[in-house]
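Novice: Copying in the features that Swiss-Prot gives for the protein in this structure:
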ACT_SITE  Ser164  active site, nucleophile
ACT_SITE  His216  active site, charge relay system
TRANSIT   1-62  transit peptide
TRANSMEM  105-125  transmembrane segment
TRANSMEM  136-156  transmembrane segment
TRANSMEM  159-179  transmembrane segment
TRANSMEM  191-211  transmembrane segment
TRANSMEM  214-234  transmembrane segment
TRANSMEM  262-282  transmembrane segment
Amino acid sequence: MRSRDMERGRKHRGDTQWTAWLTPTIVVANVSIFIVVMYTNDCPKTTTGANGDCVAKLLRRFSFQPLRENPFLGPSSSTLEKLGALDWKKVVQGNEKWRLITAMWLHAGIIHLVMNMFDVIIFGIRLEQQFGFIRIGLIYLISGFGGSILSALFLQKSISVGASGALLGLMGAMLSELLTNWTIYKSKLCALLSFLFIIAINLAIGLLPWVDNFAHIGGLLTGFCLGFILLMQPQSGWEEFRNSSQYGARARSKYNPCQYVLFFVAAVLVVAGLTVGLVMLFDGENGNKHCKWCHRLDCYPTSKWSC
């Protein structure tokens, strides 16, 4: 999305712009963790050659697994599992709840990492500059957590990694921020269509094999709700009223009734959704038993691939 499509159309001046340091820190952390993962993986030492040779052998122990094993140019699934990938059996039966958090800091390969971090920079910096690191950090972490819960409920026979849930949470928060702060935007329809298009593209990519679309959906829904809670802004005209020196000027509410309703409904939904999801997960529930067609949301079979 171009920056001009995301610009705020405020009718007053003097908006505070925060310095974005958390988003670059998140990117550095993800890249650093990936380097540690590749060092631990040590393809030349652990690969037997049954699936082919290591890729980029010049990197030695940092070289990638054979493409037949990992087309994203990354480590083996066993290395990811050892270092904190989301694995239903280990989370529920092994009591390793921390995997619901650690999985969002791991990536399947350098392609996966670059794509996610590029989007995190685009969306994260813009949001952090406008709303500060605390609110954006909360949205990122809680959305990633929500994505992990939904993924673990539906994908119980495979492992999952990636910041996609947290990233989609940022996108969802941007969408709800547009809706709840509708009166202070210029080019409302253009911005709305741009958000919906980008989100649709990401969800469509999630229909491909090897991509965890349940993490996408869980993160998106969580972030969408959190946007109504954490990113609510004063309605158009309130700032002018507050700064007005006119005696007897009619009082104006800081937020409009619709914003309060959205705040309350979103708060109930996010608390209830995360609570119910955790209860179902640790009760050993399989989401596919309650939704027979939901597996199609993660991978849609075509003549080009099977699921």
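From the backbone N, Cα and C atoms, a Cβ is placed for every residue, glycine too.
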Novice: Name the residues of the same chain, 6+ apart in sequence, whose Cβ is under 8 Å from the Cβ of the residue listed as 'active site, charge relay system'?
Specialist: Gly147, Ser164, Gly165, Leu168, Asn202, Leu203, Gly206
Novice: Does the chain bring the transmembrane segment (214-234) near the transmembrane segment (136-156), so that three or more CB pairs sit under 8 Å (pairs 6 or more apart in sequence)?
Specialist: yes
Novice: Hey, which bits of the same chain come close to the transmembrane segment (105-125), Cβ under 8 Å, at least six residues off its ends?
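Specialist: Here the qualifying positions are 1, 20, 22-24, 26-27, 29-31, 33-34, 37, 64, 70-75, 80, 83-85, 136, 140, 161-164, 166-167, 170-171, 174, 210.
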Novice: Quick check: in three-state DSSP terms, what is the residue listed as 'active site, nucleophile'?
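Specialist: Where the residue listed as 'active site, nucleophile' sits, the three-state DSSP reduction gives helix.
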Novice: I want to verify one value. Collapsing DSSP to three states, which class is His216 (active site, charge relay system)?
Specialist: helix
